[in-house]
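A.B. asks: Quick one: structure below, then a few questions.
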């Protein structure tokens, strides 16, 4: 089957530029970011510099100030391009085949495999905190990307998508409800500033129940929509639309529905907009037309595309030598390897990106708390942003939104795994000590962001478009600004100074 994943090179440049600009906007804004632990002693607090968790930069501070910082900027842009290529050519095609093989709907695929793959950097960061850096793997790591993922990435999907996607009520309601439960669970666990092994296991159990819910999503959604439709009009409309589609097309699999309702040419060819497959109508029914995509080493014809192709050739070669291209017929059966290898490369490129961003922030003299809420947060969320925007541009709004919320659920609940390992095996004699100062404010911020997202989608007519993108951007900037003011002590009583200052 042929795959046409990815935007054109011109659009890719635009995406990378916007992602780079977004790195300087206040993001996440709920607590200290990953790799920014708080050291407590008596009644004072201090923030350990995020640079302490990374190797030294290539240049001295003076050399960086004299022009070496330009190299850091170029590496950051190059890593953004590398992440985009991995997601475009390997990660999303493997996800498509996995979803098709398991018969998953768009929203379920987005909330499970897509969320897990794009959130791999956060999980790797947590394990590094357990086994290598010995840093705080508490509240800052769990809640770091919440507001940005919920509102910031949704804004990016709406503003950068070239088509309007119709959203379903049930997937958003399901994921937001589970996320609210996750927030409550974490609130209860870290309220006493200590984490025990059974509490980490409890988070894993909740995530297991969430996966079980997704496995029976079709049956559960029908029951919920039938029961709640009298009091919830949006659920009633969702049920009517699903019944109409199944009655009209005679297919119950949503992935097949998506293929059939995309477009129909005069020659009788059904073709999915994403280019995943071509279906031709014959006397024997639908027959599949297979064709491998062009080689990644084929030079584009346009001059601008050639320039970017040459620049990205080292990354293209590295990926071609290490990761099977499951879009091609020969490697199609190796899609599981493609999925895990692409997630591994996403984690590696994200680590380098965040490392360079940290060194850049140190060179520019940005305070640690502000840098954690801006540069580091945006860097670690680049994979989620790229994957969500790419699928939104293909018209798969449910998959994009489910990935946005599902990534938060994955980050929060699956961090019970490193907690469980640390308390049950690595250091079984003592619980994990975490800092829950400001927990009430954080919980309120998360619940407000969940409510804002659901209401924004509802009042926008359940459409993912530029209007929704603007609304989410305004809401996000407002909450993020308040969070930055809270962290630097302008509002509240939570001023954090740098350790050693």
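Yeah, the Cβs are placed from backbone N, Cα and C, and that goes for glycine too.
According to Swiss-Prot, the feature signal peptide maps to 1-29. Marked as topological domain 'Extracellular' by Swiss-Prot: 30-66, 133-136, 327-334, 384-400, 460-470. Per Swiss-Prot, topological domain 'Cytoplasmic' is recorded for 88-111, 158-170, 216-305, 356-362, 422-438, 492-501. Here Swiss-Prot flags 67-87, 112-132, 137-157, 171-191, 195-215, 306-326, 335-355, 363-383, 401-421, 439-459, 471-491 as transmembrane segment.
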A.B. asks: For the topological domain 'Cytoplasmic' (88-111), DSSP counts of helix, strand and coil?
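C.D. replies: The breakdown for the topological domain 'Cytoplasmic' (88-111) reads 21 helix, 0 strand, 3 coil.
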A.B. asks: Which range out of 67-87, 306-326, 335-355, 401-421, 471-491 gives the transmembrane segment (195-215) the most CB pairs under 8 Å?
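C.D. replies: Out of the listed stretches, 401-421 contacts the transmembrane segment (195-215) most.
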A.B. asks: Using a Cβ cut-off of under 8 Å, list the residues of the same chain at least 6 residues beyond the transmembrane segment (171-191) that approach it.
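C.D. replies: Same-chain contacts beyond the flanks: 107-108, 111, 138-139, 142-143, 199, 202-203, 206, 210, 213, 217, 221, 235, 398, 401-402, 405-406, 408-409, 412-413, 434, 436, 439, 443, 446-447, 450, 453-454, 457.
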A.B. asks: Do the transmembrane segment (67-87) and the transmembrane segment (335-355) share at least 3 Cβ pairs closer than 8 Å, excluding pairs fewer than 6 residues apart in sequence?
C.D. replies: yes
A.B. asks: For a three-state summary based on DSSP, what are the helix, strand and coil counts in the topological domain 'Extracellular' (460-470)?
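C.D. replies: With helix first, then strand, then coil, the topological domain 'Extracellular' (460-470) has 5 helix, 2 strand, 4 coil.
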A.B. asks: For the topological domain 'Extracellular' (460-470), what are the same-chain contacts with Cβ under 8 Å, counting residues 6+ beyond its ends?
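C.D. replies: For the topological domain 'Extracellular' (460-470), the nonlocal Cβ contacts are 154-161, 164-169, 234, 392, 397, 400-401.
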